[in-house]
Structure formats: C-alpha cells, structure tokens
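Relevant sequence annotations retrieved from Swiss-Prot are reproduced here:
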- 385: active site (ACT_SITE)
- 213, 388: heme b binding site (BINDING)
- 214, 229, 231, 233, 235: Ca(2+) binding site (BINDING)
- 1089: heme binding site (BINDING)
- 1-22: compositional bias 'Low complexity' (COMPBIAS)
- 881-895: compositional bias 'Low complexity' (COMPBIAS)
- 1-56: region 'Disordered' (REGION)
- 114-457: region 'Fatty acid alpha-dioxygenase' (REGION)
- 675-1171: region 'Epoxy alcohol synthase' (REGION)
- 873-900: region 'Disordered' (REGION)
C-alpha cells in the first residue's frame, strides 16, 4: 500500500505565501491527514513487483486539475467536518467524489482527503454496535445481564465489586479502632441536631436510600460480592433476580401485586422509603393498565382462549415494557428533581439540567462520550453513598426504637456487632417471603391487597415536612454505630485507596493539611492524632470528617462533603450514560409513545421536575394539581414558600396538605338526571373555580365568577339571561349561518384534502383523502366561532389575522378542556397554565378589537372606562369581522366546492354586532375588560370542542356497520336544497349523536339528598368494545335509593340517560320522531347549552356537505377510525374501583393520533371519496 508521506523527485516545498498550498496545509491540519514530510527516497531499480513504493505528486499538479468550484467544495467539506453535520442537499459527497476523480492517482493530498473521507464514513457508525435486535436484548433482565451486548455479565447481580482508585500509599498496619473513630469523629450529640442548611426534607434522603440499595447490596458471606446489579433498575421494587422478580409480579396483565416491593431490607428503613417504592408500584400498574387499553400497533393484543403461552407472553410484554417506563420515570426523577436539588437549581428560574443522555454530535474537533457500555459499581462509591448524617430527628427516633425492639430492649448504640447483626437477621426473617403478606408501619392491607391511601399519605406528608440532617462530622445518629463500624472494617478489608488517592483519581486536588480536610481545630487535631499525615487519612471515615460544602445558589444545595459532592455527579453520569436502556434503547418504540411521554420531563413545568407524576398516579384523589407537596417534595414546604416567593411563583401552587377529594356517585337514569340537573338549590355546578382561574385579573378582581356556568347564584342566572338575549336567530340569519357553514366546509375540503389515487378507465376517477375531524369538523367549528365573536383568524385571502385555522381551534379546545375536561390530575397543572395563557392572549385581542372599534362607534369605551352610552352604531353598519368565511360557491369537476366570494353580509358583520350586544347587556358601569373576561371569553370557551365531539361521534356511527344502512337515504337528503330535507338530516344527526355521544356532567351536592335511580341498560356480552348496550328488561326492578352526602359529588351520566327506554323508546334504533329538545348531549336543565338552537344548524350544515361526497368511506386500516376505549377512573391501584360495582356507562376515552396520550374527544379520522 502506498505510503502516506510525500516523497519522490517531483516533490517541492511550498511557500507559506502560496495561497493554494497554504489552504491544503490548513485543511490537512484540521482533518488530521498530513504527517511530517519524509525525505526523498532513493530509486531502486530492483524493487519487488508488488512494492508499495510509488511516485507521489504534490500540490502543483493538484492545482492544475482543480477549478474554483472544487475549492468551494473543499471549503464546504472543511465546514461540514468541523460542525459534524452534512447537509446532503448540497451534494457534498458527490462533489467531493468529482473533485477526487480529477486529481492524479499519485496525488498526495488527494490520498489524504480520501483517507479523511473514509474516516468520516467509518465514524458515522458505532464500532462495535451498542444496540441489537433479538428478544434477549429487548427488555431489562431481572439480574441486570445483557446490558452491554458484548459483555453480558458486566454489572450483573452477584458480581464482584470493581475498584476505582489504585491504593499505593502504605497503610498503617495498626489503624485507629473504628469504635474510637465513630465515638470521636462521627457520633451525633442528640442535643445538638443540625438541620440541613438548605431545609432539604427527609424524602430526598429516602430517595437516595432507594438509589443506594438499587446498586449496592453487599453479601454478608463474601463482602466482595454485590448482590444487586450495577444499574438503576429499581431492584428494591422489582427484585435482584428472576426468582425475586416473580415473587412481586401478579403474573397477569403485566401487573405487580398491589402495593408490594421485593426488598425485605427496606422494612429496616424509615417507612417513607417503603411508601416511595409503593408509589412506583402504583405507577407501574397505571402504566401497564394504560398500555393494554391503548394497545399501540396491536403489540399488546389480548389472547383469546386458553393458549397458555400466548397469555404468558401478553403478561410478560406488558410487565417488561411497564418496567422500562417506570425505570424511565425513576431516572428522570434522579436527573432532574434529585440532582437539581443537589445543585440548588430548584432555587432559580432555570431549566438547565445535568443530563448525561445528551446527544453529542460527531465532528472534527470532538468525539462523543461513549454510551451504553455498561457499568460495574466500585467499593469506593459504596462508601461514598453512606449518608447517615442526613437522618432527621424523627427518623433517628424511629430507627432507634426499631433496633431497640429487635435487640430485645438493648440500646443499639452499645450493642456488639454479633448482637446487632443477629438482631437484624431475626428482624428481616420476621417478614414473610411473599411480598403481598407483608405490612408497612402498622398499616393493614385491604381486601384488594392494597394499603389505604390515607395511611400512606400521612407518612409521606410528615416526611416532606420533616427537615433532614446536615452533613459533616459528629452528626451520625448513635443508633447507626454498629453499621458505621462495619463500614470502616469493610473499607479496610477491601483495601480501598486513601482519601487523597481517591480525590486525585476523580480529578480533585489532594489535601495538603488536616485543616484542608476540615478547618475545625477539633476535627483536624483528631485526624492528625489518628493518621499523622493527610495522605494517610482513610477514605472512610475521611469523607465523613470533611467540611461540608457551603450553600451556593445555584451550585450547592445538598451541601455534602467536598469529595462526595464531586463523586456523586460523576457516578450519576456513569450510571445513566453507561446504561443501554437509558441511552441508545431509550426510545418511543421500545417504551411505546404513551410510555415515553408518561415518563418524560417537560421543562415548561417546574423547570423539568417530574416527580409530581409519581405522586399523582399513586394518589390521584388526594393531591391538588398544584400541590407543593407533590411538585417539590425534596424541600420542606415552609422553605419552598420562601423559594417560590423569591421567584414570584408562590401563587402558582397550593400550600395546603393533601386531603381526600369528595367521593363521586354515578347517576344513570333519565328521570334522576332530570331531577338533579333542574335542582340548582341542592346540586351546584363545579366549573366556577376553573373559569375563575382563566379569567382572574392580576389585581384580584374576577368577573368570570359571575358567568352563567360558573355558579348557581342570581348573578350567574343574570349572565345566562344576558347571553340568551344576545344570541338571536331570525329565520334569515339561520339561513345565512347554514350557508356560511356549508361554504366553509367545502373550502376546508378543498384546502386540506389530498388526491391519493387515480383509477377507472383512463384514470379519470380521482380518490381524495382528508382527516375529517382535524381538518374539517374542528376547523369548521373554529371558523364559525371566530366569525360570531370577531376573532382574529387568518384566511387564504391574506386577512390581517393572528391565528391560523388549527391554532384557533387548539386555543379554543385548550380553554374548553381546562374548564370541562380537566380530570387527569397529572396533566392538570400544565393544561390550566396553558389555557390561562390562551385565554389572556385571545381576550386581549378581543378587547383591543373592541377598543379600536370604539373610535368608530362611540358606544364602545376604553377598556378601563364604563360602558354607559348605548347606541346602535354598530348594528347600523359595523366594521368587517376578523374572520370571514366563503360562500356562494359552486362545485367544480373535482367534487370540491370552490371559493365563490365573501360570506353572507349579515353573518359577516354579526361578530362585531354580537360583541356590541354582549357589552351593552353586561351592565352599566362595567368596563370593556370586565365584559370580555366576565362574559365574552367564557361563552367562547363553552362551545367549540363539544360540537366537534358530537359531530365526530355521529359520523363514526353512520360509517360503522351499526349505522351504515342509513347512509343512502341521508345522501339523498343532502342533495336536496329544501328546509324539510335539512331538518330531517338534523334528526339523523341528533340520533347518531345520541347513540354514540359520551356526556357526563358533575354536580356538587350542597345538602344531604336522596335520589331514586335505576339501571336503564346493560353491557352486551357479545360486544367486546362496550359501545353497544342492550336495554335492561328489568329496569324497574333495579330501582334503588341513592343517599348523597353534603360535599360529595355526583356524576350524571347523560350517555346512559340517552339510552333510557323510558325517555327514548327503542333506544338502540334510529328514530326520526323524537323531539329535538329532548336530547341530552347539550345538557339538561337551567345550564343546558345556551346556543343549542344555533349550533344544531352549524353541525347539520357541515354534516350535509360531508354526506354529498361520492363514495364516502373510511380510509384504509387504522387511519380511518379513531381509537375509542371504555372510560374508567384510575384510583391509585389496579383493580381498585371507587363506589359501586361498575355498570355500562357508555363513557369513552380516546387517544391522539400518535397514541401518546388520552383525549376526551376524537381527534383524528381519515375519510376518502371519489369524483
């Protein structure tokens, strides 16, 4: 092979001033291609025939072959190499090949560029690869094996500990006695407890205990053996090997046994540690329950029949995937909540985190840090993680009492090692081997195997409120004396490096004096007496003798000893970046889209903190969505109050301790629904707090609380009366609404559909496809509301709007969801925050629009002025609304309605007229701002999403086998332009919505009540989807008296009420003789939808257009349906059902397009049609 050095008689030195040569030299220097020039070699005429020696040419010949375009290519190559990113649209590789092909085969520089190209191509891939296909690499093994696919036993449970630092300093053969060291340097004086300087709570140290025992469990038989894996795989919960793992699994549906954890050792720690593990157990069970419901890509298809192998695979796939997700949340808590608190980042408004999983790009100037290489923990870090000085006073007492009882009444501070460990052995063996039979802190298991929430929450609340101890000398509780003595003996038996050797190993400066270790003269003098030289101080207990770090904001929050502070960060990076399941295999495909999202951090919430998800999934019925206890449990609440006040965020959180939310009772019969929803005195609406949150002014005033749906007081009724006066519908206006919506629907079909296929003779039949929910139904509703309220919507005509179609719908949907669909406590904090921002932004634009019109129509005053001068200026002319639709169109040859001009004049000006009427109706002496947030914005929020849901469910019914028989007749009616045909279509719409719609409305019970209820319908045993009930032939016999206590909640299931044969005869059939005002999906009673007379026209108009499409059908496969699941409430543990035995409710949950989250409404469904 040719040498890479320059040689031969043709070689000459290039002058530094020679620009082309200088360029190649610089390029070579960057690319690492050039070596030192070699002297010319002699010409030997008798060289072997295959000698690698051949003549090479220099830059002179290269320049003769290249042009300016080639120089540009080299510059581009250099830039790409430095950045590590190649924009292939610039065809760099192809241009480089063109350049190289021009150079002579003997070109020295050409060879070097070629070598650089080969190096770059080689480094594009991992060598060797770190991830692999195959079932054995798909999930975490119970014992941690196969994490490194090339060294499968690296870090496996039962391995020997590794050694980090080389011990070279001569060890004193007669070191000080561990008992003396503990009594003088480590023991805590009970009267001199030092609270943690940063007011860190005990919960952080409980979490640290889980981490420590996740990766360190020393064998009592052979202290060089680690009984657990070297990975953060939650082995205290899941077990250290397959046998232990099986003991905690339910072996059904991927579940863990309720409220269990595998490790017996955990029962020897304060009960808060066990509660945290139970919370992870509950999170796991929530996740696997959700995975089974969603069944992403049919990967968790439930077997049918008695195929044992299939059922075992189903259970295992769910369990293992759930474990990956739960460990994903665990590691995110470690990296964000835990490490941010350690670094005091929780005290500043910054979302920066130390995340070892960062995706490093490959470039000329740097190479990515290796990842997924595995890990094996070392003895040094086993000693680093002994943080007994952080034990709180309460936990000191608990541990002392527990050990005293285990020792038969003897003080643990005076117990000998044999006595101590004999007692611990007896204590551990006193717990049953079956995790489900164990108790915790005196709590007893319920019938379903779980613990009562209140007992667990009490332990956790007290732990959050209990400040931990400070690091530093003389602060380890006396009850830990035997444990610490054992630790020192183990460190000596392991022959670990000294404190200075370890510090040097991790890159820290060696201590030169004892005062460098700790400036406290007492501590320094004791160290000098024990060791004689700083270089001789043992790692353990040396790290306990170090002075703790000061509080630095941000930078130092845990305030550990200096060596510990640096070491734990290195270890965190190593544990995470070396773990295949946290790096190269931590993907949505492996965790599912839902699982990946469920474990993910969101920097817009708590600057990335994620532990609130654990709290809300474990205890969904106790913590408020903004509870400081759930969002920041690693610092005591009183200190969190100071932190949040300094950041201006104190009002964002609730400072109340957790308490159980009111119990909810389901009401099903139509008669009971009518009774409750018409009784405003004893049953109150519950949306006032949410509406008020969205509309509250910074100054404290809150006009939204007076809105119609915010309460049942006279002021709320007055708001409804005002709103009803503003929503007028003369016959001519109804026609214009219909025309507007039909034209808008045709325009949306034209704008957002795609031609996907040509077929038939001469390919003249064209097939079109569109997402009918996302791009038609949702946007038609958004455009209508934008027109009615003069909202600033952009159009294709270039109108000066603010929101696109989809942006407007998302904003309206967000606001609606925060008021009416806020039932997932783990998502509520972000939902409410985003909805308030959307409300304030849109409200400010509406207010600005009204103020601008005030300069034209003097009936409008400045936003802070009273509205008192009532004129008809706007009604007599009106400015153009922000959102104008298109109507008067015609159908072109492609079956899509074309633009035909402006919207009908009356609807076009109706938006401004509506605003004027609402402001005037709001009352004398009120400002425009009050009217906007007290009446206009809440009324805007109350509509769009509900109509989208109703229409989507109706269309789905008629496109299913259940309702398809009606399509031909509906299509015929849709082709007719008569009022009768339109009204008949409306009846079809209402019937389809009644059969498929899912609506339930809550009420707060204001006084003790009794209600007669019954069960109108039952699940069809032949229907696995639970979509189709059957009428209950013994409905009357199921009548029962429901006792409702003051302060409890009722959920009136209007879905079941819509299938009640006493109100809707033949409830499962489409009948066109029902009264349109009898339907329940707009609500019942005084809070029934105020605008139902209007929206029934808008919905029918959209429905009519869709029915006119030729060959209307679903798109192929799953794209043509929306995934619908029976709705169920998560109550903290699998199988736990609150209240009565569940019946058919008809309520459904949906999933979004990528199946990463649940939704209250269908979001996507693609349809096709031909022309």
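Positions of Cβ are set from backbone N, Cα and C atoms, glycine also.
Where in this structure would I find these features, and how exposed are they?
For residue 385 (active site), other Cβ atoms within 10 Å of its Cβ number 18.
For residue 388 (heme b binding site), the number of other Cβ atoms no farther than 10 Å from its own Cβ, over all displayed protein chains, is 21.
In sequence order, 228, 232, 233, 234, 235, 236 constitute the residues six or more apart from residue 214 (Ca(2+) binding site) in its chain with CB-CB distances below 8 Å.
There are 17 other Cβ atoms within 10 Å of the Cβ belonging to residue 1089 (heme binding site).
In the predicted structure, the region 'Fatty acid alpha-dioxygenase' (114-457) carries a mean pLDDT of 93.
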Sequence gap of 6 or more, C-beta under 8 Å: which same-chain residues meet both conditions with respect to residue 229 (Ca(2+) binding site)?
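Once residues fewer than 6 apart are set aside, residue 229 (Ca(2+) binding site) is near 143, 144, 147, 155, 156, 157, 215, 235, 240.
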Other residues near the Ca(2+) site, CB within 8 A of the CB centroid of 214, 229, 231, 233, 235?
144, 157, 215, 228, 230, 232, 234, 240
Just give me the nearest neighbour of residue 231 (Ca(2+) binding site) among the recorded positions 213, 385, 1089, Cα to Cα.
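With Cα distances computed to residue 231 (Ca(2+) binding site), the winner among 213, 385, 1089 is 213.
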When you measure from the Cβ of residue 235 (Ca(2+) binding site), how many other Cβ atoms are you left with inside 10 Å?
27
I want to check the contact list for residue 213 (heme b binding site): same chain, sequence separation of six or more, C-beta distance under 8 angstroms. What comes out?
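Within the chain, residue 213 (heme b binding site) has Cβ neighbours under 8 Å at 228, 235, 236, 263, 265, 266.
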Could you round the CA separation between residue 388 (heme b binding site) and residue 1089 (heme binding site) to a whole angstrom and send it over?
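Roughly 61 Å, rounded to the nearest whole number.
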Let's check the environment of residue 233 (Ca(2+) binding site): how many other CB atoms sit within 10 Å of its CB?
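By my count, 31.
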Determine, to the nearest whole angstrom, how far the Cα atom of residue 1089 (heme binding site) is from the Cα atom of residue 385 (active site).
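Computed Cα spacing between residue 1089 (heme binding site) and residue 385 (active site) is 61 Å.
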Ten-angstrom check, please: count other Cβ atoms within 10 Å of the Cβ of residue 231 (Ca(2+) binding site), all chains counted.
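Step by step: centre on the Cβ of residue 231 (Ca(2+) binding site), count other Cβ atoms within 10 Å, giving 30.
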